[in-house]
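> The structure that follows is given in the form of structure tokens.
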Amino acid sequence: MSDEPKGAILQRDKLTYAIVPRTPCGLLTPDVLDAVSRVCRKYEVPIIKITSGQRLALVGMKKEAVEPMWEELRLDVGRAVELCVHYVQACPGTAVCRFGLQDSLGIGVAIEEEYVGHDFPAKVKFGISGCPFCCGESYLRDVGLVGTKKGWTLIVGGNSGGHPRIGDVLAEELSTDEAKGLIRKFMEFYRDNSGKRLRVSKFVEKTGIEAIRQAVLG
């Protein structure tokens, strides 16, 4: 049984750790910021980094600091290595952006709440954009949504890693409820038919977007 602290990632020096608090869609509150500031000062955290997934990485702590830091932060763990949904990134959408056409933050938070804690064959990342400017990088995420005047466009199979892939459009002009429902069907299809550690992009390539459409749209 591993004696590594829970919710921590060993760093390259093999001595220090990083933790990633869960911050749905990059949303923070003054209380969360106060807690992070207080804890990082107390435990002398040398690096505080905003990640590409709209999360905070607290980096460089000794092993013995990890558990008390989590206790004092009182935040959930943002999963970063497990086979599950890692994050949902979202642009501001209609909440504040003058270009927003759909409520990207609203649907993004709902998606994260639905899938947090659920296991999948590989890590999964969502990108939600409230307009076609696509600031949520929707075409480069495992599952993406892009808002238009006529509703949501659902994209699957994107990847921004070492072998980048533009995702395939699964459906267009979806209402918010339709988008969430179709994502649910796709995630179930992926979970039940993918091999372990096969990312969504590879799964879509292997299966074919037409076969996926027949399976989840029929």
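Cβ atoms are placed via backbone N, Cα and C, with glycine included.
In case it's useful when we look at the structure, here is the feature table from Swiss-Prot:
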| type | residues | note |
| --- | --- | --- |
| BINDING | C91, C97, C131, C135 | [4Fe-4S] cluster binding site |
| BINDING | C135 | siroheme binding site |
> Around the Cβ of C131 ([4Fe-4S] cluster binding site), how many other Cβ atoms lie within 10 Å? Please give the count over every shown protein chain.
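Result for C131 ([4Fe-4S] cluster binding site): 21 other Cβ atoms within 10 Å.
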> Which of the listed binding-site residues (C97, C135) has the least company, meaning the fewest other Cβ atoms within 10 Å of its Cβ?
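Per-residue Cβ counts within 10 Å for the binding-site residues C97, C135 bottom out at C97.
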> Other than C91, C97, C131, C135, which residues of the same chain sit close to [4Fe-4S] cluster? List them in sequence order, counting a residue when its Cβ is within 8 Å of the Cβ centroid of the site.
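Filtered neighbour residues, in order: P92, G93, F99, G100, S104, S129, G130, F133, C134, G136, G147.
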> Using all protein chains in view, find how many other C-beta atoms are within 10 Å of the C-beta of C91 ([4Fe-4S] cluster binding site).
27
